[in-house]
Amino acid sequence: MGEFKVDKFNIEDFFSGDLDIFNYSSGMPSILPDAVPCHSENLEINSYAVVVIYVLVTLLSLVGNSLVMLVILYNRSTCSVTDVYLLNLAIADLFFALTLPVWAASKVNGWTFGSTLCKIFSYVKEVTFYSSVLLLACISMDRYLAIVHATSTLIQKRHLVKFVCIAMWLLSVILALPILILRNPVKVNLSTLVCYEDVGNNTSRLRVVLRILPQTFGFLVPLLIMLFCYGFTLRTLFKAHMGQKHRAMRVIFAVVLVFLLCWLPYNLVLFTDTLMRTKLIKETCERRDDIDKALNATEILGFLHSCLNPIIYAFIGQKFRHGLLKIMATYGLVSKEFLAKEGRPSFVSSSSANTSTTL
């Protein structure tokens, strides 16, 4: 797609409001006030505070997810199906976090990195988001099959999980293609550029399509899969009094719960905004202002998710802590007496290695 040219752009097709009031945009702008000529009272968010948050999230994610990958790869001889999924999840979170410094820099001076980097960073962030939620759905199906429908052929999944992960990454690459094609630097006022979908005169229609795509395949469908699988998994665990396996599932449940707490608010607000843009909900200036503020706040909450999984593993995952301490003891960073005092975590006994996780 060529360079964005203001003289060929009908600004009334993109916005119907006063552009000078638009002082803040997210890294992936989704809230441009294009529905009614409203004057926001306070849409501006302290951009430097957002920069600090993004930098901290990036650092925590780099350290935490790198340690997760190290522990899993160090114990790859005993790596379970779930561990492979969690390894890919850590990779996705790591790459997601690597894009945050660029979005943080764009908070202060707008997008100054050109069209190519706009496409690349937007695409990487979109692919990693899709892959994260799809991998979580795969984990839920794996636990459902392992516990609710345990069979003698379950061990074969160890050889299939790599292909499942590759398929999820390829699906994420395909689902994110519209972002790669349409993202370009777009002017929102005389001096500020944002990295956003350049869809010309078809703004409203294509924007709704670009909203429905990630909301449906990147959140709603995986969410329904997770609710179904974990609902039946929990019922089976409680009915069979499988307390040991239930304790082993705590990390997985915590990972899914944190994902929902981080991304559900944003997706609910985004869904409400989509209904408003399609005129299914009456739009007023007050509602537009509330939606814009909510989208800004909940998007930041969603970005925090990329650094939280390693924290969950550290506090809940006994095997992760032991695995990390074992690596540190190998290189003399902690004493072997301290490692012995911590004790080796008991593994869940099973006819299949699929029901045990390193974390």
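Keep in mind that glycine also has a Cβ here, set from the backbone N, Cα and C atoms.
The disulfide bond annotation in Swiss-Prot covers C118-C195 and rests on sequence analysis. Under the three-state DSSP scheme, C118 (disulfide bond) falls in the helix class. Less than 8 angstroms from the CB of C118 (disulfide bond) sit W111, R183, N184, P185, C195, each of them six or more residues away in the same chain.
The feature N-linked glycosylation site is assigned by Swiss-Prot to N23, with sequence analysis given as support.
Marked as topological domain 'Extracellular' by Swiss-Prot on the basis of sequence analysis: 1-47 (among others).
Averaged across the topological domain 'Cytoplasmic' (75-83), pLDDT in this predicted model comes to 82. The topological domain 'Cytoplasmic' annotation in Swiss-Prot covers 75-83 (among others).
Among the features that Swiss-Prot reports, topological domain 'Extracellular' is placed at 105-119 (among others), with the record citing sequence analysis.
The topological domain 'Cytoplasmic' feature in Swiss-Prot is assigned to 142-162 (among others); the stated evidence is sequence analysis.
The annotation topological domain 'Extracellular' is assigned in Swiss-Prot to 183-207 (among others) on the grounds of sequence analysis.
The topological domain 'Cytoplasmic' annotation in Swiss-Prot covers 231-250 (among others) and rests on sequence analysis.
Annotated topological domain 'Extracellular' per Swiss-Prot: 273-293 (among others), in sequence order.
For 315-359 (among others), the entry in Swiss-Prot reads topological domain 'Cytoplasmic'.
Nonlocal intrachain contacts for the transmembrane segment (48-74), taken as residues 6+ away from its ends with a CB within less than 8 angstroms of a stretch CB, comprise 83, 86-87, 90-91, 93-94, 96-98, 100-101, 103-105, 107-108, 300, 303-304, 306-307, 309-311, 313-314, 320, 323-324, 326-327, 358-359. The transmembrane segment annotation in Swiss-Prot covers 48-74 (among others), and the record cites sequence analysis as its basis.
Annotation comment: Swiss-Prot describes 84-104 (among others) as transmembrane segment, evidence class sequence analysis.
Swiss-Prot lists 120-141 (among others) with the feature transmembrane segment, giving sequence analysis as the kind of evidence. For the transmembrane segment (120-141), the list of distant contacts is 27-28, 82, 85-86, 88-89, 92-93, 95-96, 98-99, 102-103, 113, 164-165, 168-169, 171-173, 175-176, 179-180, 183, 195, 214, 217-219, 221-222, 225-226, 229-230, 233, 252, 255-256, 259, 263, 305: same-chain residues at least six beyond its ends, Cβ to Cβ under 8 Å.
Summarising the annotation, Swiss-Prot assigns transmembrane segment to 163-182 (among others).
Taking Cβ pairs closer than 8 Å, the transmembrane segment (208-230) reaches residues 30, 126, 129-130, 133-134, 136-137, 140-141, 143-144, 175, 178-179, 182, 197, 253, 256, 260, 263, 267, 270-271, 273-274, 277-278 in its own chain, all 6 or more past its ends. Look at Swiss-Prot and you will find 208-230 (among others) tagged as transmembrane segment, backed by sequence analysis.
The transmembrane segment annotation in Swiss-Prot covers 251-272 (among others) and is backed by sequence analysis. Within the chain carrying the transmembrane segment (251-272), a Cβ under 8 angstroms from the stretch's Cβ atoms is held by residues 30, 82, 86, 89, 132-133, 136, 139-140, 143, 211, 215, 219-220, 223, 226, 230, 281, 291, 294-295, 298-299, 301-302, 304-305, 308-309, 312-313, 316-317, 320, 357, 359, all 6 or more beyond its ends.
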